[in-house]
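The active site annotation in Swiss-Prot covers Glu251, Cys285 and rests on sequence analysis. Sequence annotations record features per position, and here Swiss-Prot assigns NAD(+) binding site to Gly228, Ser229, Tyr230, Ala231, Thr232, Gly233.
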Amino acid sequence: MSKLQIIQSKGQYINGEWIKGNGLILESTNPASGTLLWQGNNATDEEIANACYVAHRALKSWANTSFEERARYTKAFVEQVEKNRDQLARLISLETGKPLWESQTEVSSVIGKVNLSIQAYQERTWPKQTETAEANACLRFKPHGVVVVLGAFNFPAHLSNGHIVPALLAGNTVLYKPSEHTPAVAELIIQCWHDSGLPPGVINCLQGNANCGNTLLSQDIQGVYFTGSYATGLRIHQQFCNRPEIILALEMGGNNPLVIDEVKDIDAAVYHTMLSTMITAGQRCTCARRIIVPDSQTGDLFLERFAKACKLMRIGSFDSQPEPFIGPVISHVQALKHLHAQKQLVEMGGEIILPMSLLVEYTGLISPGIIDMTRAKNPPDEEIFAPFAQIYRYNHFDEAIQLANQTRYGLSAGLLSDNKDHYLQFYQHIRAGLINWNRPTTGAASSLPFGGVGCSGNHRPSAYFAADYCAYPVASMEQPLLTTPAQRLPGLVLE
C-alpha cells in the first residue's frame, strides 16, 4: 500500500458549519496496516449542547417544509454522493478495511436508499382522509422532533443513512454521532449533505467516543436510532427506562443460525455458507454464527469443502491484487478479543476444525476459523463479530430447528435445503425477523423491513419500515363549520 497522508478533521458540523473541535484527540486507523488515517477531536459537552440547541431551533421551519421540498434535498444529497462515489468507496475501504468491491456496493446502497425511503414514506405515512356522516376522519403524521442517530462501523455510510434519510423526510432534525472507528467516512457523508443545500441545523455531526454518545443522549431529544451490539443497546434502553416518551429504534445483532439440510449441490451450500459467515470479515449483524449440519455423509462432505474454501479464501488489504474476499476486522484490539473468545470455546469443549489466527501483527487481519461445538458444555449465547463459524451436528430435522432456536437473539436465520416442506416447517417454527431459504443469511433488501426479535431489537425494524419510527400518527375528526347536530343527545338542554 502506498504511503497515506493523514486526514485532518474538519471539526464538528454544527448549524451548517464546520467548527474546529476542542475536545480530546480522536484518531482512526487503517485496520489492514495499523497506520494512522484520520485525526480530530471528540466533541465537548458545550459543542454537543450547542448542536442540540440549533437542531431544536431549526426544527419548526424544517417540519413545516413540504414533503416535496424535503425530498428534493435528499435527492440533491444523492447527486453529491454520485459526484464523490469513488472517493467515498475508497475512504470506506481505508477506514473499515473492506475490499473495494464491497465498499462500492455500499455506496450504491447509500444512493438507492433515498428513492426507497421516499416510496416508503408515501406508502406508510401518507395522509389519509375519510368522510363520515358527521365529520371528516383525517390521518396525518408528525415528526418526533430532534433525534439522535448513532452510527455503526461495519457499514459506516449505509446504516447511518438508513436512519438519517427517513428521519429528515419525516421532518425531524438530526444529531448524528458516527462510530469512533469511522469518522472520516462520516465527514464526507456530512459534506455531501452540506453541499446539497440542506438548511443549517437540520443535520449536525458530532464526532466522539462512547462518553460523547452518553452526553448526547442526556440532551433534550425525542428519539434515538441505534445500530450496534446488544450490550450498548441495552444500556441505551436502561438509560431511557424512565422516559417512555422517547422513541428508541434499536438494532442489536444476533447469534444467527444457518441450517444445512440434505442437499444435492454441496458446492452451492458451501458458497452460500461463505457469504453467510465470512463476508465483511464476519462483521455483519446478519452473519451466521452457528452452522447446523447433519451428522451424515452429506454433512461430512459439506464440512470438508467448507473448511477448504475458508483456507483458500483471499484475505488482505483492499488494494491487494488479486482482490481479496475479506479484509481485516475493525481493529487489532478486536482481533485479539476474537482470538480470546475462540480460546474460551476450546476450553468449553469445542474442537477446532480450522483455527482463527492473527495474520499480521498490530492489524485486524485474521484468518477464518471453524470450531465444532457439538459436544461443548454450555456454550455462550454471544455474537462473535468475526470470520468465525461454530458447527453443531444434528440427527433429524426437528433437532436442527431446536438447535437453531437455542438463542435469546432473533435477527436472521437461514435454511439451505432442496425440501420445500422442510422450509415451511423451518419458517413456521423459527423465531427471527429475517428468515431466508437457499440464500445467505446476510441477504437483505431495502424494499423490505430489517429487524429482529428477542435481544436483536425492540420491534422497530429499519429499512423499508424506518418510516414507522420517524413519525407518529395524528387522528383528527374535522368539520369546517361549527354547528349543532340536528339530533341532540337526551338529557342535554341548551337555552
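Cβ coordinates come from backbone N, Cα and C, glycine included.
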With DSSP assignments reduced to helix, strand and coil, which class does Cys285 (active site) get?
coil
For the recorded positions Ala231, Cys285, which Cβ has the most other Cβ atoms within 10 Å, all shown protein chains included?
Cys285
Can you give me the Cα-Cα distance between Glu251 (active site) and Gly228 (NAD(+) binding site) in Å, rounded to a whole number?
6
For the recorded NAD(+) site, enumerate neighbouring residues of the same chain (Cβ within 8 Å of the Cβ centroid of Gly228, Ser229, Tyr230, Ala231, Thr232, Gly233, site residues themselves excluded), in sequence order.
Phe226, Leu234, Arg235, Met252, Gly253
Return the residues near Gly233 (NAD(+) binding site) by Cβ distance under 8 Å, restricted to its own chain and a separation of at least 6 in sequence.
Phe226, Leu250, Glu251, Met252, Asn458
Tyr230 (NAD(+) binding site) to Cys285 (active site) - Cα separation in whole Å:
11
Quick one: which of these binding-site residues, Gly228, Ser229, Ala231, Thr232, have their CA within 10 A of Cys285 (active site)?
Gly228, Ser229
Once near-sequence residues are set aside, which residues in the chain of Thr232 (NAD(+) binding site), 6 or more away, have Cβ atoms under 8 Å from its Cβ?
Ala210, Phe226, Met252
Same chain only, sequence gap of 6 or more: which residues have a CB within under 8 Å of the CB of Gly228 (NAD(+) binding site)?
Leu150, Ala152, Glu251, Met252, Gly253
Ser229 (NAD(+) binding site) CB neighbourhood, other CB atoms within 10 A:
16
